[in-house]
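A.B. asks: According to Swiss-Prot, the record shows the following:
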- 21, 133, 350: substrate binding site (BINDING)
- 108, 109, 179, 207, 233: pyridoxal 5'-phosphate binding site (BINDING)
- 236: N6-(pyridoxal phosphate)lysine (MOD_RES)
């Protein structure tokens, strides 16, 4: 088989399964609106949960940072790319979340890959929730450690794995809020079991940080746990991009020595770190935004419960409507778009086979009439 045949067959498999991914060129998108071509859509596919991507103070902080520091960092943080804005942001994140140290990464994907591959050896094991994000499962699979997956959000399933012998160390991996179903992990139970077995817990709280808990401190704070490793990302509630790993002092120093994604990547621009400090202030002071988001979630769920579709058991901004069939989910997404509503159809392999869905994400930027319009169109599609 030639390279051309290999590529052609792989693409055809995705087309045959109605799982072919495409990108849309948009003129601009934020928590409420998306501009594509000449048309404006109500945006129900954004992770901009608090609408901070369009916040004036955050934008001004980036502009001021760019004027002072330029638009790039110029190198890895281990060479010349680590500046005062990076150091200040790390310290403020650590103080806010109650950890001695925070380390910045260019993305949540890079952070998860770096931590799992740097910390584990061949005699270690990684026990991961089977619905963990692709970055976690891929990193675990590529790490030298043995990977075992436990049934989603089932502490008893984790316990059955923990009681089995392991020559090395055990790292349990989960998310605070799961990105496709919007449900939350039972973090207190998972931490209790992990600690009793002498293991460490890693929580990726990409979709919980900024949204849950006092000052938006996230899922772990809300459930009263402090995992040994906490990954937070800035592409959701913070409205920007990037990530940080929160940990103890020796772990941070270890990662600085061994985390290849940290060592060999150009650091985020200092201007971005300036904007993230402004976003952090908005998150900390964002109780009103979080209350607005919760109101939109309650409004949607109350009415969507009457739709002839399975509504996911989510109390978060991620509200999946399960369709099942790949092609039907695409048809409905197109019909919603024709009505001026941007909703994304999520299909395998991103989600398990037979669980194609309309993944609706809500934002504090949405207005009550936006939710009413979405529900009106959904009712029309189903009836």
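Using N, Cα and C of the backbone, Cβ positions are placed for all residues, glycine too.
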A.B. asks: Helix, strand or coil for residue 233 (pyridoxal 5'-phosphate binding site)? Use DSSP.
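C.D. replies: For residue 233 (pyridoxal 5'-phosphate binding site) - judged by DSSP and reduced to three states - the answer is strand.
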A.B. asks: Test of understanding: give the count of other CB atoms lying within 10 angstroms of the CB of residue 133 (substrate binding site).
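C.D. replies: If we count other Cβ atoms within 10 Å of residue 133 (substrate binding site), we arrive at 23.
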A.B. asks: My understanding is the cutoff is Cβ-Cβ under 8 Å with a sequence separation of 6 or more in the same chain; which residues meet that for residue 108 (pyridoxal 5'-phosphate binding site)?
C.D. replies: 133, 135, 204, 206, 231, 233, 235, 243
A.B. asks: Report the same-chain neighbours of residue 350 (substrate binding site): residues 6+ apart in sequence with Cβ closer than 8 Å to its Cβ, ordered by sequence.
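C.D. replies: Set apart from residue 350 (substrate binding site) by at least 6 residues yet with Cβ under 8 Å, we have 134, 180.
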A.B. asks: Measuring Cα to Cα, how many angstrom lie between residue 236 (N6-(pyridoxal phosphate)lysine) and residue 21 (substrate binding site)?
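C.D. replies: That separation, Cα to Cα, works out to 22 Å.
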A.B. asks: Please report how many Å separate the Cα atom of residue 21 (substrate binding site) from that of residue 207 (pyridoxal 5'-phosphate binding site), as a whole number.
C.D. replies: 23
A.B. asks: Could you list the residues of the same chain, at least six apart in sequence, whose Cβ is under 8 A from the Cβ of residue 109 (pyridoxal 5'-phosphate binding site)?
C.D. replies: 135
A.B. asks: At a 10 Å cut-off from the C-beta of residue 21 (substrate binding site), count the other C-beta atoms across all protein chains.
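C.D. replies: By my count, 7.
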A.B. asks: If you count CB neighbours within 10 Å, which one among the binding-site residues 179, 233 has the smallest count?
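C.D. replies: Counting other Cβ atoms within 10 Å of each of the binding-site residues 179, 233 gives the minimum at 179.
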A.B. asks: For residue 109 (pyridoxal 5'-phosphate binding site), name the DSSP secondary structure in the helix/strand/coil scheme.
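C.D. replies: In three-state terms, residue 109 (pyridoxal 5'-phosphate binding site) counts as helix.
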A.B. asks: Check each residue in the chain of residue 207 (pyridoxal 5'-phosphate binding site) that is at least six apart in sequence and keep those whose C-beta is under 8 Å from its C-beta; list them in sequence order.
C.D. replies: 47, 175, 176, 177, 178, 179, 182, 236, 316, 317, 318
A.B. asks: For the recorded pyridoxal 5'-phosphate site, enumerate neighbouring residues of the same chain (Cβ within 8 Å of the Cβ centroid of 108, 109, 179, 207, 233, site residues themselves excluded), in sequence order.
C.D. replies: 133, 135, 204, 206, 231, 235, 236, 243
A.B. asks: Largest pairwise Cα distance, Å, within the listed pyridoxal 5'-phosphate binders 108, 109, 179, 207, 233?
C.D. replies: 13
